[in-house]
């Protein structure tokens, strides 16, 4: 299986399926159909089957999928069989919220270091974490085998911070700054621009009024 041939939308839905399946498992449900999954996450049964077919054959026709088995498969496909350590640069309001975001831990992600270059923030604590100076980034990345970093700084600082993070050895960045980053091709970057998501909502609402 070559990951590059898998549509990113499929990976996104796979994560949603995995989360839904874990909720079913907590309720004691042992078997689920593609129709059940589709209804639970808001897609068609055909879409569920198509997404899963990228990765092999799952389930039994007429019976459905074993919930625990499908959870195990999706977790493995998403690379979540082992926990992932993260670092974050930016100890402002957004960074503080992300540190305490419970879903990270529930999904196997652990923030092991928070950094800032603002002297008024360095040394302070966010939840149970002390904010460290950027000079400590490389050390923490190496000590905790960190491959993924989160950028939670203003857009004017994002490119410089991204360069520092890549130099420290990070291979993938989740960027919350509303700016496109110029980085080497082998660095994975995903941008999260909340204003864009809001503009999609306003577009759809405006469309309804026409």
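A Cβ is built for glycine as well, from the same backbone N, Cα and C atoms used for every other residue.
Among the ranges 16-55, 56-95, the one that Swiss-Prot lists as DNA-binding region is 16-55. If you count neighbouring Cβ atoms within 10 Å for each of the binding-site residues 90, 92, 95, the highest count belongs to 90. Looking only at the DNA-binding region (16-55), the predicted model's pLDDT averages out at 96. Taking a C-beta cut-off of under 8 angstroms and a sequence separation of 6 or more, residue 91 (NAD(+) binding site) has the following same-chain neighbours: 114, 115, 116, 118, 121, 124, 126, 131, 152. Beyond its flanks by at least six residues, the DNA-binding region (16-55) meets 1, 6, 10, 63-68, 70-71, 73-75, 77-78, 107 of its own chain at Cβ-Cβ distances under 8 Å. One way to see the shell of the NAD(+) site is to take the Cβ centroid of 90, 91, 92, 93, 94, 95; the remaining same-chain residues with a Cβ within 8 Å of it are 96, 97, 98, 116, 152, 153.
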